Amino acid sequence: MKGEHQIHQLNQYPLPQQHPDPSMASASAGGGFGKAKMWEDESQRMDGGMDELLAVLGYKVRSSDMADVAQKLEQLEEFMGCAQEDGLSQLASDTVHYNPSDLSTWLETMISEINVPPPNFDPLMGGAVAGIQLSQQQVQLVDDPFLAPAESSITTVDFPDHRKSKSMSTSPTQNVFEDCNSSSSYYDFKSIPGNAVFTKTRLDSSSREPKRLKSSSGSSPSDLLFNRPAASSLPQPQQPISLPAPAESSSTRPALLVDSQENGVRLVHGLMACAEAVQQNNFNLAKALVTQIGYLAGSQAGAMRKVATFFAEALAHRIFRVYPQPPIDHSFSDMLQMHFYETCPYLKFAHFTANQAILESLHGKTRVHVIDFSMNQGMQWPALMQALALRPGGPPAFRLTGIGPPASDNSDHLQEVGWKLAQLAETIHVEFEYRGFVANSLADLDASMLELRPSEAESVAVNSVFELHKLLARPGAIEKVLSVVKQMKPEILTVVEQEANHNGPVFMDRFNESLHYYSTLFDSLEGSANSQDKVMSEVYLGKQICNVVACEGLDRVERHETLTQWRARFDSADFVPVHLGSNAFKQASMLLALFAGGDGYRVEENDGCLMLGWHTRPLIATSAWKPSSNSVIAH
């Protein structure tokens, strides 16, 4: 327990007033002699091992007694909070019982009068979870191999509540949950069977040196999940904080606010414990945990708070069986994706690398036909059209087929996109032909619908950005679509997908993977300059989180898979890889350098494919494929 912990508590508790010391008054009146006397007293306190900050306030506490004094204060507060119902009202009054300047002795005397048994103090667990009542339970951390115990400074405050405080049980074996509908207590984060259990690690309090108050600027979620040191973990000088004493009320319950990093660790533990309870169909426990996660998320700042809030909301949907419905208005999803495009380089990278692969595969062709499985607002194609316009010898004839979902108002939004692209083509003198094709699912497509022309007349390229994983919800759908692609006889199939495994059969595995993945994504958004684009991008990602966590069956469409898994699928469908050239890698790196300096973003080459990630975590992958010669002959 740290020295600053004691200062905050002393400002909170209504301790008796000290008796004035006449010698100090005379020393003050003595001018220089008084100052000399004060410096002498200060020197004596320092030499005696007294904590200098508490000494300034007039309390004598040795540095070695800090942890013991802190625990006694917490214990005494519990009894003072229950003074009225326990018949100890004299402790809650302002009556001066003793001179508390020797704080440790005073606390010991007060506690001995009411026969309070000494607690089994655990310095690690001294910082309890924010917003959770310390009633009849002890906190046990949850296992996550990415997390490590963290130290922090702790501030004690009171939150109003309609339940009266109960004294904390000191039995180390009391780990029994009451029913979540019980009005007598709250659920804490308890250990539950399964992989989420993390046995409590005890630290030797003697090895933890006292430190001064440190600022809590917040830890990024990827720092917490990947155990990277955060700036807030470094001690920094700061003035002591004085908290106002809480109003005396029987309807208050004590809670502890810990610094951002340690609270963030407990927040992740709580999320994992809640997911484990959901997997075990222990919904009473899950309901209680998801409520406490909301309290913890509110104490965070930045990306960690947003990620935890979205995951808590998704868990609540699943726990209370209020499943999110697929969006009726796809224009709203398109609008969110446009904000995501502007906020970060992921979609720009996807479009750029896919376009580069298409340009190289169609080099020298006079008529090209691009079939886009992910038309949306057509943001990918102006850059490709401009590149074709600059081709030596003149641009080829460019035909574009855009496939997208139907609009909720039955408007032909794909045709509107086509009109805008046609205007651009006229401006840059590119022969342009466009057709929009509405389909509820790519699995509903047939090659005969696309008016394909002989390969001697035009060369075909197929493009898919963040679309193929949605087919994995329907058995056999991905195999059918790849079969249709082979009938198109394309020169190239470009595929961009999230580099994550969110399609496993075990809910806990999906939850753990998605928590790490989206924590990194949200962390990368924090540097965005445009706040509106950033907020809408977070909503865009939040909808994905909700689908991954809350939905099952055909409704769970965000079934992301890794590049390794996609390689296996394309190989089994008789596709061969097309290596993205070194030029694509260099130009992608230059693109990132133009985007906010590229700080934190990394481009990696993986066996002919390109990946974009944040620091050490790959987040999206671009790959290129074409049907093997045998499969083309067969069709």
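Any Cβ shown, glycine's included, is placed from N, Cα and C.
Listed in TrEMBL:
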- 201-212: compositional bias 'Basic and acidic residues' (COMPBIAS)
- 229-247: compositional bias 'Low complexity' (COMPBIAS)
- 51-118: domain 'Transcriptional factor DELLA N-terminal' (DOMAIN)
- 13-35: region 'Disordered' (REGION)
- 201-253: region 'Disordered' (REGION)
- 337-402: region 'VHIID' (REGION)
- 416-448: region 'Leucine repeat II (LRII)' (REGION)
- 550-626: region 'SAW' (REGION)
- 368-372: motif 'VHIID' (MOTIF)
- 468-472: motif 'LXXLL motif' (MOTIF)
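DSSP states for the region 'Leucine repeat II (LRII)' (416-448), grouped as helix (H, G, I), strand (E, B) and coil, give 18 helix, 7 strand, 8 coil.
Per DSSP, the region 'VHIID' (337-402) is made up of 32 helix, 12 strand, 22 coil.
Across the region 'SAW' (550-626), the model assigns an average pLDDT of 92.
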